[in-house]
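So the structure is just underneath, and the comments pick up after that.
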Amino acid sequence: MGSPESEVSPDVQEQEAATDNPEVFEEDSADAAEGEDQIEQEEPPNCDEEAYNRDAAAATMQVGEDLGEEGDHVQEDPAEESCQIIPFESDSVEEDFSPTLTENPYEIFPTESTSFCNNTYSLDESANGHEPVCEICVEEVPGVGPPLNQHDSLPDGSGEDSPVVPDVVVVPENEGPVDDALSSPYVMGVGLLSLGEGAQSDTQAASGTLSGYSTWEEGDSEGGQVPVDRKNIATRARPHSGKVAGHVPETVLEETGPETCSSGMGIRDTSDEVRKIGILPEGKPPECVRALPAKPRAFTLYPRSFSVEGRESPLSMFREPEGAGLDSHRVRRKEDNLSLPGAIGSSGSFSQRSHLPSSGTSTPSSVVDIPPPFDLACITKKPITKSSPSLLIDGDTLEKASKKKKSSFKRFLELTFRKKTESKVHVDMNLSSSRSSSESSYHGPARVLELDRRSLSNSPQLKCRTGKLRASDSPAALIFYRDSKRKGVPFSRTVSRVESFEDRSRPPFLPLPLTKPRSISFPNADTSDYENIPAMNSDYENIQIPPRRPVRTGTFTKLFEEQSRALSTANENDGYVDMSSFNAFESKQQSSEQEAESAYTEPYKVCPISAAPREDLTSDEEQGSSEEEDSASRDPSLSHKGEGQSRALVIAQELLSSEKAYVQMLQHLSLDFHGAVLRALENVEQEGREPLAQEELRQGLRELPAICDLHQGILESLEQRLGDCGEGQPQVADIFLAREQEFEHHAAHILQFDRYLGLLAESCLLSPRLATTVREFEQSSQGGGQSMKHRMLRVVQRLFQYQVLLTDYLNNLCPDSAEYDNTQSALTLISKVTDRANESMEQGENLQKLVHIEYSVRGQGDLLQPGREFLKEGTLMRVRGKSRHPRHLFLMNDTLLYTHPQKDGKYRLKSSLPVANMKVSRPVMDKVPYALKIETPESCLTLSASSCAERDEWHYCLSRALPEDYKTQALAAFHHSVEIRERLGISLGERLPTLVPVTHAMMCMNCGCDFSLTVRRHHCHACGKIVCRNCSRNKYPLKCLKNRMAKVCDGCFRELKLRNGPVPGSMRERPVSMSFPLSSSRFSSGSALSSVFQSISPSTFKKQKKVPSALSEVAASGEGSAISGYLSRCKSGKRRWKKLWLVIKGKVLYTYLASEDKVAMESIPLLGFTIAPEKEEGSSEVGPVFHLYHKKTLFYSFKAEDSNSAQRWMEAMEDASVL
């Protein structure tokens, strides 16, 4: 149903318009007649280019004349042209497109600036009297720009008093015939209209449109005027690198300083004078079309890059003011600069400065605001792809969504751009393009661009279609039209719209960070679909992000009425963006480790919930290789915060539970053990043996009942406090402060702890009854099977446990609370006692370190054991294929804790490796620097250190922890000694060997022959050596392979046959050189040749390599060498470095091609040689290069990995060069 205004007769409307502006009506009548002639003279789109070139050349010659006539003509005709903004709605799709064009002589001019129109609107409905309601996000800023000339004001003086309707400045086209042969698909078409067509419907539609627009402007601007700095906008032409015919240089808008005046805003030359444009004065009826002032104005329109996140990108439209005489700054728009006909876009190619207030105004897409909390999880799902244009989805109401078709994607209006050489519309849109400058080329004739909604990658396709355009429900909707010759009379409209469905999955009000700025141009029409990226895809390009401005959210409520849009995660085509470089969010951003870090390492930290779990950021190899790490994130101890319990309350409960166990242990010591020892000491006194020592021991044991009473009181207070607080803040620190004097019993016990233990051991030796008493207590259920020394250490251990628990508790308290200060005082009290323990006890520091490790490693039981000492800890990288994962190692003298770091700063135990059965080596691996291999009977670990010094330090500590009798056994076992294997109880073939890498052997490890193209490498599956084909012709069933036949070397074959017997007949191996089976008639018992072939051994055909004995004495991987490793060597006078394996043993330098070679290439006795380092110029430090001289003659130059390695090699060579 149309509104009452739409029912007014056309004659009445025309009379009103003429009455209000009689000059306009008369001029429009004449212009309409000219427009009809011009439409008839338009050429079809497929005509050649020569006509267009002639028109363009003629227009160029008239530039000076047009500019000279411009000012006078505008004064004579101040209201000759208007540009209106109206809705357009059409239910027709492709089949309705031709009739519409027939009725409407204007060409459809879809631009990217109209890509966010929410719906379509048909001409038929307007003609039938339906009045649409359109909300247009167009904001105008009066009062900014150059001062008005005397001809720049409206006749009625309302030029400065109409902030409701903006000025859309459009330069009219020439009245002559227009060549459409080369009409660009990206030029906004401008057609002409006769008076007879669509007159009535146009007036009605205009009234509805303008009234709707006026309502939107008033509501959005909140009665204020929005300033836009048009003075600081200039243009520049940016040609791309491709210097080809038809090349498309790009002209982008830039912001300049205040010194740039508006006269430099010209972009294209035309052959027509500048026209005035009419607007609606404030307070006048919307049906009365007024003339617009000629004052240069800018408009903020919402382009296609407006995203669902709630941030808009303004499309600034402005006109060149009269008197702009900088002809040299103008760019003639011809074939070579059709990158954006009439609409020049740029995505961050110039710095944007926002002058808009915070009253709900628009924000450019290149000035994206990211609301807190800073969360990039939703934009890090997939990398940027060239074929992923980001489009807009406009929110529809539930009623409108129910009327749509089954397809979840919105329909698109075809994109038909008509080129008008006289059009002088200047559009500044914040756009982006992912196309590189090398892809710039002429895009050919008019082209229709549409997005294939079935394409998963959202690559644009070429297709023509029309869509339904209706009044918009959101500020993202924009309907733009122009009337080139008419002002007060009815007019026809051409409307274009581009919709988007890609942003459906984005959460609301979360704008996307963009990548680096690039300029806009369009790819060739002949390229593939993924090159046809729309110009207005500014959702995945990086730009500089300014500080956030508040934006009203009430305007965008209808965009997110569908719950699926509001709750969805991220756009699948958005790329990851590192936001660490943006200064605006330095105080808000956090690393993933800091977000999940426990308050044990950072006090009073609130961790926000991350939208992307950490498991999503790990590689597939990491997830597959460490299932414990995935399960660790679901540890119940880590989920207390999610259950509503604070971390401080969890620590207090842990303190209570451990206190109960400690008090129970103290009761056994003070009652059972203390009483039994006192009775035994009385019997010793009766015997008269050293009463002084027994009295001292009795005094030391008297502290146990006092310590038990102290902790019994602490336990009762903790139970009462935690029972009363419930889920609130616990108060436990004052419990320790109230018993400050009683902790002196702990101090006295610690001071004489070592003395008491020594006296107890001596008394047990002197008194068998006391020794029996101690032994019975250790074996009883109260003793738990632990030694007396271990039980006594438990008493002191509790103080160190208090220290780590109170530290963690303190870090989870609010610094402003009273409990925070009390906890600091309690921690100071406990630290005084533990400091005494470190000073007086022999194992004080070691005990403290073991307590810290036990508290930090989850899954580890009691680390406190008699005789256990802490040696080293550190982080190494676990090597698994191409993946590298951090692993934290804790080395004690009897065990190695292999853990991986957790998010809260603690560690998850993966395995505990006994040091006694460990084999440690430093293998040389191609892609693993500073490798360290740890082998045990159960597992094999390959680790990588950060430096050679760190690797060597770990190797030294691990080797020192090995038992002396096991070191040589493990080292010999690594080098495949059968005798050592027997001593270690490792039978050949029962366990899979460690295969030698193929790059570590350049010759057979059995016979010493060199490997070549014909002599290939083969692994022995019994010992792991690399041997040649002649040395591996035998196979034997191995237990480690479930008795399957496997290739073994000759030495292992002999050993296996000697131990397990010959190969069973059913599994007997035929000669490799024979291609027919043993059951063949050729091998029958009656054949004379069978015995001959069977007697021939392949070893008889071996070519034994003649090797000097001096080169075969030492193997490359042999033990007992002073130093070994890879060095780069070059001969004197040459510059070519060659990487070789060098070994110094017995004052001889052996050179090998690889680390597992059996025979050396050469050997050099180092006696008499001198070593000199090569120092860098201007530096006294020794570099990685050093030289080997013999009698002042340069013999060799060597280059190590670093200076430390070079220093060790030089020291070893100097030692070997001296007798």
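The backbone N, Cα and C atoms fix where each Cβ goes, and this holds for glycine too.
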**OP:** Look up region 'Disordered' in Swiss-Prot and report which of 94-113, 434-453, 454-473, 1054-1073 it refers to.
**Re:** 94-113
Subject >> Feature phosphothreonine, as given in Swiss-Prot - residue among T416, T515, T555, T772 >> reply: T555
**OP:** Could you break down the residues of the domain 'PH 2' (1120-1218) into DSSP helix, strand and coil, giving a count for each?
**Re:** 14 helix, 49 strand, 36 coil
Original post:
DSSP says what for the domain 'PH 1' (869-963): how many helix, strand, coil residues?
Top reply: 14 helix, 49 strand, 32 coil
Original post:
Where DSSP helix means H, G or I and strand means E or B, what are the helix, strand and coil counts for the zinc finger (998-1057)?
Top reply: 17 helix, 16 strand, 27 coil
**OP:** Kindly state the mean pLDDT of the domain 'PH 1' (869-963) in the predicted structure.
**Re:** 88
